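Here the structure comes first, spelled out in structure tokens, and everything after it is commentary.
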Amino acid sequence: MADDHISSWFRPSRRRVLTLMGASAAGLVAPGLLGRGSALAAPPSEPTGQVIVGFSQEPTVFNPHMPHIEVDEGIHFSVFDPLFIVDEKGEFQPALATEVPSAENGGISKDGLHWKIKLRDGVKWHDGEPFTAEDVKFTIELLVDPDFKSWRRDGHELVENIKVVSPTELTFDLKSPYAPYPSILAATFIVPKHAFADIDPNNAPFNNAPIGTGPFKWAERMAGDHITLDANKDYFGDGPYLERLIYKYIPDLTVLYTQFKTGDIDVVGLQWITPDKYEEAKDLPGKAVEVVPGATVESLSFNMGRPQFQDPKVRQALYYALDKQTIIDALYYGLPTPTETFMPQQSAYYNADLPKHEYDPEKAKSLLDEAGWTPGSDGIREKDGVKLAFTNSTTAGNHIREQAQQFIQQSFKDIGVDMSISNLPPAVMWGDYWMMSKFDSVVVGINFLTGSDPDVSNYLAPTSIPAKGGAGQNTWQYENDEVGKLLKEGGSTFAAEERKSVYVKLQEVVRNDLPFLPMFQYATVRGHKEGVEGVVPNINVRIDSWDVATWYWDK
Amino acid sequence: MLRFLFGRLWQSLILLVIVSVIGFAVLNLAPGGPLSQFALTPGMTQAQLARIAHQMGLDRPLPVQYWEWFTRLLQGDWGRSYRDNQPVLAVIGSHLWATLLLMGTSTLISVLIGTWVGVLGAIRRYSVFDYAATVGAMVALSIPTFWFGLIAIYLFSLRLGWLPAGNMYTIGDGSMLDYAVHLIMPSLVLALVNVAVWSRYMRTAVLDVMNQDFVRTARAKGLTRFAVLMRHILRNALVPMITLLGLQLPTILGGALVTETVFTWPGMGRLFLDSLGYSDYPVVMGLLMLSAILVLIGNLMADIAVAIIDPRIRLG
Amino acid sequence: MTDMAFKVDPAPVQRWWQRRAVKRFLRHRLALFGLAIIVVLVLCCVFGPYLLPFDDLYIDLRARFSPPFSGPHIFGTDPLGRDLAARLFMAGRISLLVGFAAMLISTVFGSLIGIVAGYYGGKIGAVLMRFVDAMLSFPSIFLLLALAAFIKPSPMMITLIIAATSWMEITRIVEAEIKSLRDRDFIMAARTLGLSNSQIMFRELLPNAVGPIIVAATLTVARAILLEAYVSFLGYGIQPPLPSWGNMLNGAQQYLASAPWLAIVPGVAITLAVTGFNFVGDGLRDALDARSDIS
């Protein structure tokens with residue numbers, strides 16, 4: 001979903017803000033996957049039945065503004081509402097707000113600094129208290145409260161002069177125009193002010209028994225096992241059509257699948273069905289199983305600060321030696337789509353004309369020969385005393401990726417490159433080892449985008465290198481001034497077409513430089529029982545249950 | 001007796017402090033940490049991670065962190081989980097009964113089976129049964145629990161489809177029968193090792209008792225073999241076994257950890273692994289301390305039990 | 001007294017049980033069987049890889065998931081098409097080596113602490129033994145995982161960690177043994193003769209505790225192999241592509257339905273090896289412990 005990540009050097013001009021805010025969010029559109037021809041029965045008039053969703057991770061953080069992982073958002077989407085959401089077509093849709101603020105409807109002033117938000121009337125919190133503009137104000141203020149362990153502050157920090165005009169209307173100003181703010185608000189769930197009265201928000205009872213406005217009410221949590229939510233019959237929007245929603249924690253993907261197969265769970269949630277089970281799963285009777293593209297891109301990433309990777313020819317040669325298609329076909333059962341870029345193919349900014357990768361070990365060898373990397377006595381290439389040997393790391397325990405890694409190791413060995421595998425436990429891997437660029441190379445899946453905005457400054461700007469004091473996550477230590485310039489330009493270009501050409505160019509430069517070898521864009525195998533209707537994948541969010549309000553049983 | 005008790009208690013407390021220092025150092029000195037899991041979140045920046053780390057107090061020197069943790073512990077505050085912000089004891093408590101159910105059932109099974117295998121082995125010493133039990137026990141001790149679990153799942157769930165492959169109950173069912181069906185495989189797998197240990201000790205204990213004078217006296221009095229066995233031998237042989245039960249606690253707990261993983265059982269073992277994976281130090285520390293306390297209590301109880309009901313004291 | 005003391009030599013005692021012990025061990029059928037298992041396993045692991053036409057690291061995706069006995073691969077292949085037999089033997093080298101190395105380290109370290117604690121007794125002994133108790137009050141798998149979760153999991157580190165959680169038993173055994181010997185005549189004599197503390201500890205006392213140490217060491221190998229398997233199975237142990245019996249099982253759970261041999265083959269190897277060492281340990285205990293004659 002939309003997130004904040006624009007580093008501080010980047011402040012878009014007012015005109016850009018207006019353009020972006022005027023248009024609907026240029027979000028990512030998932031292809032029509034739901035083309036099951038049969039006419040669907042209408043949802044029931046009363047909430048009926050229950051759906052059990054299986055997750056392979058345990059949701060534990062129920063205050064949506066505290067540090068959490070993606071699985072927690074499954075609960076957030078069920079219990080809370082933001083002011084507006086990004087739907088599966090990448091468009092903003094009003095939720096707690098009556099309309100999405102824009103320059104056209106007067107919600108945002110011409111200079112982008114003054115905002116007016118109109119709220120739904122008559123919405124009630126799950127405990128019966130009325131929802132008002134005070135709650136919205138409180139939420140934004142909570143996010144920047146220095147004593148609160150706030151998840152994200154970017155964007156909200158710019159908000160000042162929040163005024164509650166009436167219970168259904170509030171206005172605020174931004175210190176400076178900030179284009180991604182609508183996207184940030186679309187991911188900001190509103191929490192009730194009265195639940196935090198006179199208590200330390202970090203330890204509020206609310207955090208473990210959340211009270212929202214959403215389609216489902218908090219009922220019960222059995223830690224380590226499941227969470228039960230009940231229908232909120234007073235929900236303001238469509239739905240809910242289910243009486244009860246249960247999120248079941250099943251820590252093992254094989255068991256998760258088995259339970260789906262046997263019918264113990266109705267919907268396979270986060271981490272989904274492993275690719276090796278797809279062939280079997282798609283023919284299961286009574287189950288709807290589909291392959292859904294994700295926005296995450298798998299890459300073999302280099303630490304450009306290492307002497308082995310300074311030479312662009314080396315990176316190109318390694319790309320030629322990478323047998324991408326075999327990895328996809330054999331290890332991932334052909335499900336993911338090969339890609340050449342960090343931009344998801346569903347994005348409006350995707351560059352489809354990048355040079356296609358070829359697997360050609362001979363060419364790889366000749367490239368290295370040309371560049372002066374010649375095999376030493378041990379068969380490993382070297383140049384000027386630098387051996388073409390490096391370690392490759394990833395999270396220990398990710399079996400398919402570890403298999404891919406070992407396969408790549410063999411491919412590289414064939415061209416005289418020694419890649420040794422050094423996998424680490426997740427807590428170690430993604431700590432300073434990754435953030436401070438202490439690795440040689442890694443295999444990693446990253447969602448470069450944050451929701452609908454094509455800006456990737458956080459990952460690619462030369463000023464975003466944490467190892468050099470930057471605030472972002474450019475852990476490749478990729479420094480290309482042209483990229484920096486393009487990213488700035490992308491932020492200050494207004495017309496959608498022009499903006500697109502900047503990002504198209506950016507993708508070309510990055511494809512040429514290869515700070516990481518793009519492998520494929522994720523595809524996940526999702527499944528639910530036939531009869532559960534309304535389960536719509538949305539590439540703009542991280543979790544399945546974003547539209548759980550409108551799920552229903554057709555039977 | 002009291003002096004002995006106080007002495008042991010005092011020693012145990014010192015032990016706990018040592019245990020906590022070791023545990024704390026091991027966890028916190030390692031690279032990485034609880035914020036690593038957020039690194040790959042879209043839009044996450046190093047700056048935000050640094051802020052959260054500061055708010056959580058993770059950037060302070062380790063001794064300071066330890067001291068704070070320790071002084072709070074003395075006041076009964078075990079800290080809060082990094083994951084769900086719940087008090088550590090509540091987190092552990094919510095997983096406790098699943099583990100107790102598994103451990104309890106399994107211990108019951110192993111005590112029942114183990115006792116009889118041991119007794120039969122002792123009274124039919126050097127028989128085929130005794131020999132088979134001896135070899136069987138040693139093989140059982142050599143089988144990795146998790147592997148045995150995997151094989152059991154393969155046979156009874158995947159192949160034969162008799163038993164569920166994991167979980168504690170079926171959602172929406174939760175009847176006694178449902179629990180029982182889910183308990184069968186994990187408790188038997190966990191019991192395997194314990195039956196082996198228990199039967200070996202039982203055999204030795206029974207042999208010890210059988211050689212004592214009062215047994216011969218009882219036999220001489222004309223009591224039947226069975227009566228002697230039930231009234232004299234078994235009763236006396238079980239005393240050292242109470243000690244064993246206390247001493248076996250860490251082993252059973254460790255076994256439960258692995259078994260829970262294989263059978264996705266929502267107990268403390270799973271909690272420990274999950275907490276380790278997410279670097280939830282307060283919970284990991286809590287579990288380490290709690291298991292250490294349990295072990296020490298087990299030892300203490302064993303000591304007391306022996307002191308109180310030593311057969312020689314009663315007989316004399 | 002002094003003249004007599006010269007003749008109080010612990011060595012004859014040792015030789016006496018040595019000969020008897022060997023005989024008793026050889027009569028112990030289970031122990032011999034265990035020894036045979038170990039020898040066969042070691043031979044397989046040492047020479048097996050040279051006899052097989054496959055490399056343990058060679059990936060052949062066309063041959064992935066071949067079942068056992070169906071083609072050229074006797075034990076079948078893994079998800080990358082690598083020969084399972086070749087991997088099993090190479091893994092055996094690692095696992096057995098880890099087992100032996102962990103045993104050596106923990107035996108040396110454990111005995112050292114045990115001798116010092118037992119010989120000096122008093123405060124030193126108490127402090128050392130309380131530390132041993134502290135280490136023993138962690139369920140070892142908890143401690144092992146807590147350690148393994150945060151280090152770079154190389155075979156060396158795994159060995160050290162296993163050793164770090166295995167030495168306490170040996171310390172207890174040695175301490176008890178030394179304590180019981182420390183006030184015996186021959187030690188008194190050695191002291192009167194002016195032997196230094198370290199001479200007494202290592203020349204006079206240690207040889208007398210060798211029996212129990214050997215038994216404990218054998219059982220430690222079994223334990224270390226099991227622990228390696230546990231840790232690697234849970235994903236914190238030795239990392240692929242380097243095979244170990246434990247990490248071969250790590251990915252196997254996922255393929256339990258479609259490729260059960262991936263779980264069965266390494267599991268059998270672990271069980272065999274551990275059983276072997278346990279049998280031998282049991283035999284040694286019977287052979288070395290004179291008291292075993294009684295019951």
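The backbone N, Cα and C atoms fix where each Cβ goes, glycine too.
Record features (TrEMBL):
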DOMAIN    C:92-281  domain 'ABC transmembrane type-1'
TRANSMEM  C:30-52  transmembrane segment
TRANSMEM  C:94-119  transmembrane segment
TRANSMEM  C:131-151  transmembrane segment
TRANSMEM  C:157-174  transmembrane segment
TRANSMEM  C:209-238  transmembrane segment
TRANSMEM  C:258-281  transmembrane segment
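Same-chain residues lying 6 or more positions outside the transmembrane segment (C:258-281) and placing a CB less than 8 Å from one of its CB atoms are 30-31, 33-38, 41, 65, 67-68, 75-76, 78-79, 84, 88, 91-92, 95-96, 99, 215, 218-219, 221-222, 225-226, 229, 245-246, 248-249, 251-252. In terms of C-beta pairs under 8 Å, the stretch of C:30-52, C:131-151, C:209-238 lying closest in packing to the transmembrane segment (C:94-119) is C:209-238. Within the chain carrying the transmembrane segment (C:30-52), a Cβ under 8 angstroms from the stretch's Cβ atoms is held by residues 83, 85-86, 88-90, 92-93, 96, 269, 272-273, 275-280, 282-284, 286-287, all 6 or more beyond its ends. Outside the transmembrane segment (C:209-238), and at least 6 residues removed from its termini, the chain residues within Cβ reach (under 8 Å) are 14, 17, 21, 94-96, 98-100, 102-103, 106-107, 111, 114-115, 140-141, 144-145, 148-149, 153-155, 158, 161-163, 165-166, 169-170, 173-174, 177-178, 181, 244-247, 249-250, 270, 273-274, 276-278, 280-281, 284-285, 288-289.
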